[in-house]
Amino acid sequence: MVAWLLVQLTGCLLPLLVAAAHTSTLLDTTHINHGLLIDAGSGGSRLHVYRWKKRIFETLPPSVSHPLSHNSWTARLRPGISSFADDPEGVGESLQVLIDFAKEQLKKHKEDWHKMPIALGATAGMRQLPPAKRRAVMAAIRDYLHGPNCPFYFEDYFARVISGEEEGIFAWAGINFLRGNLLLESEGAGLAVSHETVGALDMGGASAQIAFFRSDQDIMSNLFKLQVGAQKHWNVYVHSFLYFGEAAMRLRLLQSLVDAYNGLHAHERSMLALGSLRAGAPPPNAVRMCEEDTGVCVPFAQHPLDRRTRNRFLRGSGDDGDDVDAEGPDVVGPAATANTTGLPHISIPCLPAGATGVFPAADGVMYAMTHQDMDASVRFDACREAILPLLNKHLNAWCEYAYNGECSMGGIYQPELPAAANRVFYAFSGFRRAFDMMNLPSERLTLAQYREGAREVCSLDMQALLDRNERAGKPLLPNLVRAACYTVTYMVTLLADGYGFKDDFELNVVAKIDGYKVGWPLGAMLYAINTLPWEYSGTAEGHHKKKRGSSKAALAVRGGASKEDGTVFGQLCTSALAIAMAVAAAAIGVAYGRRTSPHGYSAIGGLARAS
């Protein structure tokens, strides 16, 4: 029976589909769908409002749906949802300001709010939490988004903690989509040869991701298969390094220096620095546990939980350098305001001359932090030497054996980086913040130029850094200025000693491409909306006047027979097509039955269900 249906479909559908493919139809651009996505990062949450043309199946191959957004359609909120680990009941209410922002942006479409899906993807800040606390926070979020304060369409699986690999692949997809490399058709994103892609380097607060594609190699591990609609698929190498984010690594560095002060060896320091984060040391959003005007931090357990004053909401946050994970722990406050009397003193090689502060270590002791006396020209090298053990290259022994030397750090397999002709990577988030601290003439530079910029930053004292920051078009927060040498040094060390980049590797350090904020949400939305089911109009007449010659193809696709086709073959094709379509419809119903909503959205949670 199945074989017979396949024969009938081959003989009957093929000419009809070819005819339909040549039927010119126009999509009514007044039919627009909207969706909302909350990027719940370690330092804060950012809401994006997207729109796309209604998915109507009218052409073959079906067109790819493009998510569109605008800077005015984004808003961000601090702190991150992981800061509610001990108060999960409060996390939902903290997101209300983002929901209200979306309502304001979409007020002209109020009658359709209940059809607009809202999704939340939590990243590395939530991955770091113990499982029980992570589940409690996410359950509270789901309950709140189901409640009366959220008028948008929501299902439980629309909110979840996404994997680091999803974060990496969606960032890669978003960048290459904006450059015009991902698809033959890319609205408003320029033109490029479709098979030439660039790598993606993301630096968040709690994790770091690397993703790249090269068609001439096999990938032994960490492969992520991406398909957008029916157009094309890519096998991409992706890996996410948890606890290697900008703020998490800063905490690990400070803890390792405390451990060195207490007489532990380098290998023990590396492991304890990781373990201390799990054991209760301040999480990567520890800036919330610090007095921002003095730089003085207090242990997490002693910090008053008052999010009415701690929450910070910013409208239209599409500007450069405003990543929600940017802040990290403010542990290097000015000496004049940080009372260090009686505290054990730790010298920090990455701290600029003239800066000091305090750090609450994992052992519960408060340590005074001061800069390390040295010639300013070698501060970069000293800072790099302190960071190197935290890359955990000593764990590569088994990887080196199993994968014949193709390893990055922490025992992780990484295939050979792309050949020289395609050796281009787009770096963003923390990499962009580091770039903003340097006086470099172009966003396009080699690793060697990036390193020289880092050396120059580390040669400056605190006052010189503050003066430079004041002259900047958009000044950085004070704690980022104090951590400038650490930040730029870590980025260079990760690229060169972690990922294995050579000095001639080309970096494009970006915050936006063609006006679009770079990050994983755009790629996630591109993937998600192209998994949504199609509407089928049934005829080319659905949105404009019928064109001469199109009626036969349109009628045939509906399963009818035209007057011009009254032969026995035509009638048999019509019957076979009707049976086949019924069987296919039943199969599709089984496949989608558990995932399709009453509104026709099978998976805005599809952003959460990449293969």
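Glycine is no exception: its Cβ is also placed from the backbone N, Cα and C atoms.
Note that TrEMBL annotation is computational and uncurated.
For reference, TrEMBL has these:
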type     : residues                               : note
ACT_SITE : Glu167                                 : active site, proton acceptor
BINDING  : Gly205, Ala206, Ser207, Ala208, Gln209 : ATP binding site
COMPBIAS : 319-328                                : compositional bias 'Acidic residues'
REGION   : 309-332                                : region 'Disordered'
SIGNAL   : 1-20                                   : signal peptide
TRANSMEM : 568-592                                : transmembrane segment
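Annotated features, which come from TrEMBL, shown on the structure.
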{"residue": "Glu167", "record": "active site, proton acceptor", "Cβ within 10 Å": "28"}
{"residue": "Gly205", "record": "ATP binding site", "Cβ within 10 Å": "31"}
{"residue": "Ala206", "record": "ATP binding site", "Cβ within 10 Å": "32"}
{"residue": "Ser207", "record": "ATP binding site", "Cβ within 10 Å": "28"}
{"residue": "Ala208", "record": "ATP binding site", "Cβ within 10 Å": "29"}
{"residue": "Gln209", "record": "ATP binding site", "Cβ within 10 Å": "28"}
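Under DSSP, Glu167 (active site, proton acceptor) is assigned to a helix (H, G or I) in the three-state scheme. Distance between Cα atoms for Ala206 (ATP binding site) and the residue listed as 'active site, proton acceptor': 12 Å, as a whole number. In this structure, Ala208 (ATP binding site) is part of a beta strand by DSSP. Calculated from their C-alpha atoms, the gap between Ala208 (ATP binding site) and Glu167 (active site, proton acceptor) amounts to 10 Å.
Gly205 (ATP binding site) and Glu167 (active site, proton acceptor) have their C-alpha atoms 13 Å apart, to the nearest angstrom. The separation of Gln209 (ATP binding site) from Glu167 (active site, proton acceptor), Cα to Cα, is 8 Å.
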